[in-house]
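K.L.:
According to TrEMBL, the record shows the following:
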type	residues	note
DOMAIN	52-303	domain 'G-protein coupled receptors family 1 profile'
TRANSMEM	36-59	transmembrane segment
TRANSMEM	71-93	transmembrane segment
TRANSMEM	113-131	transmembrane segment
TRANSMEM	151-174	transmembrane segment
TRANSMEM	208-230	transmembrane segment
TRANSMEM	251-271	transmembrane segment
TRANSMEM	283-305	transmembrane segment
Amino acid sequence: VGHLLPYPMSDSNTTVFTNPSTFILLGISGLEAAHVWISIPFCITYAIAILGNFTILFIVKRETSLHGPMYYFLCMLAVTDLVLSTSILPKILSIFWFNSREIDFSACLTQMFFIHCFSGIESGIFVAMAFDRYVAICHPLRHSTILTNSVVAKIGLAVVLRGGMFVLPFLLLVRQWPYCRTSIIPNLYCEHMAIVKLACGDIRISSYYGLFVVFFVTGVDVFFIAMSYIQILRAIFSLPTKDARIKTFGTCASHLCAILAFYIPGLFSLLTHRFGHNVPLHFHILMANVYLLVPPMLNPIIYGVRTKQIQDRLLHLFTHK
């Protein structure tokens, strides 16, 4: 009976269930024997993400000629990627290498907050970058007057505040649920729905609010990104020369690849959490990690290496005597 009640009563046959002191992160179920080998690509991905994003920040800070809207947004993206990957990788590696599966309840909620907050921030930055590209290509003469430093700062602040405000209710709701089923999380990190599924009682409010955030935040962001790139593509195809069209399209194509690498695994992870009961658990866990670890590795390569100004500064840095 205690498992059916939202708040089990205390008597000789039942137990009072409150927040557990710790959760157990199960790891990749079914692939425990391969954890050490799986850790190798995780380490390589993280090392490239750290090196690439710090390089972007260093070059933009050092070169005053890069102090413009596009590069400010690129720096915001780099910081977000560093926080996002660092919020999960150390614990994942401790599971792989030392079988350290326990995580304190408060630490688990903190990790959950950082994951969802900075995922929302990254989504917002992609919108800001798409808007920057739209203004630069469709209204080049007005770019410097529309995207001033103060406007860029306000956009950055709005993106951060939005990320925190929409994720804070996740934290408040998860803290109030009693946990009476198990404290085992079948994942490598503390994800919102994975924690909520361990709670007793009626958790529909958490589930519905999660869906609302996905559709309101991510859905709106994807809509604005799509609208920006539709206008950009129309402007590209109206360019007079073929070379100009190819050059501009190449830049936009690389940006779109970075955006798709962020949204597609995230959407897959969300849908399998809620509807993918036939998807093997280890595959779902791996995709959930791809969503958080691969974009921080790819973004510096796509936005940095393929951006000529950063490419030139990077070559200058290594060849300058």
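Cβ from N, Cα, C; glycine included.
Just so you know, TrEMBL annotations are computer predictions that nobody has curated.
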K.L.:
Using a Cβ cut-off of under 8 Å, list the residues of the same chain at least 6 residues beyond the transmembrane segment (36-59) that approach it.
P.N.:
28, 66, 74-75, 78-79, 81-82, 85, 89, 92-93, 96-97, 289, 293-294, 296-297, 299-301, 303-304, 310, 313-314, 317
K.L.:
With CB pairs under 8 Å as the measure, which of the listed stretches 151-174, 208-230, 251-271 comes out on top against the transmembrane segment (71-93)?
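P.N.:
By Cβ pairs under 8 Å, 151-174 leads among 151-174, 208-230, 251-271.
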K.L.:
Looking only at residues six or more beyond either end of the transmembrane segment (283-305), which have a C-beta under 8 A from one in the stretch?
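P.N.:
Distant Cβ neighbours of the transmembrane segment (283-305) are 28-29, 42, 45-46, 48-49, 52-53, 55-56, 59, 74, 77-78, 81-82, 84-85, 88-89, 92, 115, 119, 122, 186-189, 191, 254-255, 257-258, 261-262, 265-266, 268-269, 272-273, 276, 311, 314.
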K.L.:
Mean pLDDT across the domain 'G-protein coupled receptors family 1 profile' (52-303), rounded to an integer, is what?
P.N.:
87
